[in-house]
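Participant: This is the structure I have questions about; it appears just below.
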Amino acid sequence: MQTKVVKFGGSSLADAAQFRKVAAIIKAEPERRYVVASAPGKRFSDDIKVTDMLYDCFDLASKKENIDEAFAKIEARYNGIIADLGLDFSLDKEFRKIRMAIEHHAGQDYVASRGEYLNSMILAKFLGFTFVDAESGIFFHSNGTFDDKQTYKALSALLEDVEYAVIPGFYGSMPNGTIKTFSRGGSDVTGAIVARAVHASIYENWTDVSGMLMADPRLVENPKVIEEITYRELRELAYMGATVMHEEAIFPVREACIPINIRNTNSPADPGTMIVPKSDRPVPTVITGVAGRKGFSSITIEKDRMNTEVGFGRKVLGVLEDFGVSFEHTPTGIDTMSVVVSTSSITDCKEALIGRIFRDANADSVTIDDNMALIAIVGRGMVSNKGTAGRAFTAIANRNINIRMIDQGSGENNIIVGVDEDDYTAALQAIYGAFVGEA
Ligand code: ASP
């Protein structure tokens, strides 16, 4: 039998009704053996996630304030779920222990992690699965980075003899035994790690949307769901802000060639988005998705006969390196070179940076233009389809928008376009319209 690892996000486990949907999904396929759970999320838009309630408790305790009321609300969330599910089960002992630890100034990560810990206990009980604490299977180095070697060894051994288990997401142990969490949304990472540890055939990530969208729905009305996307394409789109998962969740499964399927707990019949190592499936829309961000600046350097000067680029980029500035793109002309950087990375050192480039590269002129938005047109389908760039640029020109920069990635699966921030939305809509049709 194949093994599937299924991770459910906070909104999928926010109350008893959601727990029931989750149980139905898990029980529908016996391959769904290892379940990674988040803490209860929002039940309605201005509800508060349990993780945030726990961070609040921690803050109160560190200011030596009373946590009675704040902690009672957390208990009520869990007790409500237990009662509504009709479980003969109590977390009172756990509540007492956690409460005491908070009052005795337990670490922030320990406090935050209890959201997943308690929720996973309830889910395990409801499903009749074994509760396996992430504390005994997921490890960090003392510098806080993830310890893959120790984790995969321990986790594989831990789950080897457990047929069906619930594992809390978001945290693991430090070498000194204290609890450490991943960054926010980190249960996605736990899911990926578990999938890798048990050699899962697939990592299903269940959330509240039916997959990744081809464009940001705040900018494009009703964008299409991406049926299949490669890890590489996902990285390109995620970098530009299109995310459905924690960024770090890609790596453990990508290395082991395990596909990820983004699914919707509230609409389980939807196939969602498959994230795969490689795909030969034709992309009918040519592009897989389009995403972008504002807040970039372009540094333009001019120098006569730049084209014949060996090492010019190194001098310019060396200055950026000295200032700790990471660059995004470097489009060049014959005697000009531009370096695109994020505006926030140079705000405090603009003048000094210009001065140093002048000096080190012996430039004729150095100027910085802000207010640029970058749009990434991403798709493996572009390699085999001629005229992709033409289609995108024509659509942008038809809206009377000036393109400030163009860069095509060497793998031919992305084209980056720089436009004025004011033109950002219209340009993105034009590109989407050109490939998918006007929304
Ligand atoms: N509960 C944690 C958070 O809210 C982790 C997660 O849900 O993935 O960030």
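Placed from the backbone N, Cα and C atoms, the Cβ positions cover glycine too.
Feature list, courtesy of TrEMBL:
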BINDING   Lys7, Phe8, Gly9, Gly10, Thr207, Asp208, Arg218  ATP binding site
BINDING   Thr51, Glu116  substrate binding site
DOMAIN    377-439  domain 'ACT'
Participant: Between Gly9 (ATP binding site) and Thr51 (substrate binding site), how many Å separate their Cα atoms?
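Facilitator: Each residue's Cα considered, Gly9 (ATP binding site) and Thr51 (substrate binding site) end up 12 Å apart.
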Participant: What's the most sparsely packed of the binding-site residues Glu116, Asp208, counting other C-beta atoms within 10 A?
Facilitator: Asp208
Participant: Given a separation of at least six residues and a C-beta threshold under 8 Å, show me what packs close to Gly10 (ATP binding site) in the same chain.
Facilitator: Ser38, Ala39, Pro40, Gly41, Lys42, Lys49, Val50, Thr51, Ser187
Participant: Tell me the coarse DSSP state (helix, strand, coil) of Thr207 (ATP binding site).
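Facilitator: Strand, per DSSP.
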Participant: Which binding-site residues out of Phe8, Thr207, Asp208, Arg218 lie by ligand 1, going by a Cβ under 6 Å?
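Facilitator: Cβ under 6 Å from ligand 1: none.
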Participant: Taking only the residues the record lists as binding ATP, namely Lys7, Phe8, Gly9, Gly10, Thr207, Asp208, Arg218, what is the largest Cα to Cα distance between any two of them, in Å to the nearest whole number?
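Facilitator: The ATP-binding residues span at most 26 Å between Cα atoms.
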Participant: Compute the C-alpha separation of Arg218 (ATP binding site) from Glu116 (substrate binding site), stating it in Å without decimals.
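Facilitator: Checking the Cα atoms of Arg218 (ATP binding site) and Glu116 (substrate binding site) gives a distance of 30 Å.
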Participant: Report the member of Lys7, Arg218 (the binding-site residues) whose C-beta atom has the most other C-beta atoms within 10 angstroms.
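Facilitator: Going through Lys7, Arg218 one by one, the largest Cβ count within 10 Å is at Lys7.
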Participant: Translate the DSSP assignment of Lys7 (ATP binding site) into the three-state scheme.
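Facilitator: Where Lys7 (ATP binding site) sits, the three-state DSSP reduction gives strand.
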Participant: List the residues of the same chain that sit at least 6 positions away from Thr207 (ATP binding site) in sequence and have their Cβ under 8 Å from its Cβ, in sequence order, or write 'none'.
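Facilitator: Listed in sequence order, they are Gly9, Ser11, Ser12, Val244, Ile262, Arg263, Asn264, Thr265.
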Participant: Would you mind listing, in sequence order, the residues at least six apart from Phe8 (ATP binding site) in the same chain with a Cβ closer than 8 Å to its Cβ?
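Facilitator: Listed in sequence order, they are Val22, Val35, Val36, Ala37, Ser38, Trp206, Thr265.
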Participant: By DSSP, how many residues in the domain 'ACT' (377-439) are helix, how many strand, and how many coil?
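Facilitator: Once the DSSP states are binned, the domain 'ACT' (377-439) shows 30 helix, 15 strand, 18 coil.
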